[in-house]
Amino acid sequence: MGKFLIPFFILASLAIPVEVTATTMTMYNKCSHPVWPGIQPSAGKPVLARGGFKLLPNKAYRLSLPAGWSGRVWGRHGCSFDASGHGRCATGDCGGALFCNGIGGTPPATLAEITLGNDQDFYDVSLVDGYNLAISITPFRGKGKCSYAGCVSDLNTMCPVGLQVKSHDKRQVVACKSACAAFNSPRYCCTGTFGNPQSCKPTAYSRIFKTACPKAYSYAYDDPTSIATCTGGSYLLTFCPHH
């Protein structure tokens with residue numbers, strides 16, 4: 001993993017004493033453009049920060065996660081919203097709303113997934129729904145393995161033609177579909193006779209994702225080592241970590 005510098009203001013915010021039980025997730029936008037994070041809770045868990053907001057370049061937003069919370073975070077980009085919060089995003093759109101309010105993002109979108117547990121938290125960065133932005137998760141103050149998770153390569157630059165999503169003017173690749181979404185076949189989606197780890201093996205497409213992002217989950221039955229664990233930590237989620 002390449003080292004990247006974390007600005008002092010973020011380190012300072014991570015060092016602020018919080019209740020021992022409180023887990024925080026700080027979202028930091030290192031992209032050169034705004035990102036509109038989307039946050040979707042798992043079934044039965046509360047919606048946080050109305051499910052989405054705008055995060056300007058080089059800004060951070062700190063979120064307290066309730067005990068036992070689980071859900072996913074993704075970045076939307078190329079968004080434009082009116083004063084009432086209606087509009088659309090080029091990638092990761094959640095029903096045309098600024099505040100996703102529990103709605104998931106339209107694939108392809110890189111997902112950061114986290115589940116807080118009593119003994120340990122589980123987290124990963126997943127490309128199962130495709131890729132739009134580089135994301136990393138770095139744990140702080142935790143005990144245990146607490147490894148870094150993420151996809152920091154720009155997969156849009158190496159996306160096979162059949163998986164590409166182009167910008168409105170067709171000039172650039174803004175996202176890269178999963179093979180499952182592009183071809184909708186059991187072999188790529190791990191469904192039907194391929195619905196188990198024995199029969200659903202990596203494909204040429206998932207291998208492109210895995211080679212570019214070895215620390216991310218690349219398809220439905222990827223090696224479970226892509227899921228990291230940590231006890232009692234807080235998390236820094238960075239968009240475009242290597243910018």
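Along the chain as shown, residues are numbered 1 onward.
Keep in mind that glycine also has a Cβ here, set from the backbone N, Cα and C atoms.
Here the structure is a predicted model, which means the values were calculated and not measured.
Database features (TrEMBL):
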SIGNAL    1-22  signal peptide
DISULFID  CYS31-CYS240  disulfide bond
DISULFID  CYS79-CYS89  disulfide bond
DISULFID  CYS94-CYS100  disulfide bond
DISULFID  CYS146-CYS230  disulfide bond
DISULFID  CYS151-CYS213  disulfide bond
DISULFID  CYS159-CYS176  disulfide bond
DISULFID  CYS180-CYS189  disulfide bond
DISULFID  CYS190-CYS200  disulfide bond
> Near CYS89 (disulfide bond), which residues of its chain come within a Cβ-Cβ distance under 8 Å, counting only those 6 or more away in sequence?
Replying inline: TRP36, ARG76, HIS77, GLY78, CYS79
> If you draw a 10 Å sphere on the Cβ of CYS213 (disulfide bond), how many other Cβ atoms land inside?
Replying inline: 23
> How big is the gap, in Å, between the Cα of CYS31 (disulfide bond) and that of CYS200 (disulfide bond), rounded to a whole number?
Replying inline: 35
> To the nearest whole angstrom, what is the C-alpha distance linking CYS200 (disulfide bond) and CYS189 (disulfide bond)?
Replying inline: 8
>> Applying a 10 Å Cβ distance cut-off over all chains shown, what neighbour count does CYS79 (disulfide bond) have?
In response: 19
> Which one is closest to CYS146 (disulfide bond) in space, judged by CA to CA distance, out of the disulfide-bonded residues CYS159, CYS189, CYS190, CYS213?
Replying inline: CYS213
>> Around the C-beta of CYS94 (disulfide bond), how many further C-beta atoms are within 10 angstroms, looking at every protein chain?
In response: 25
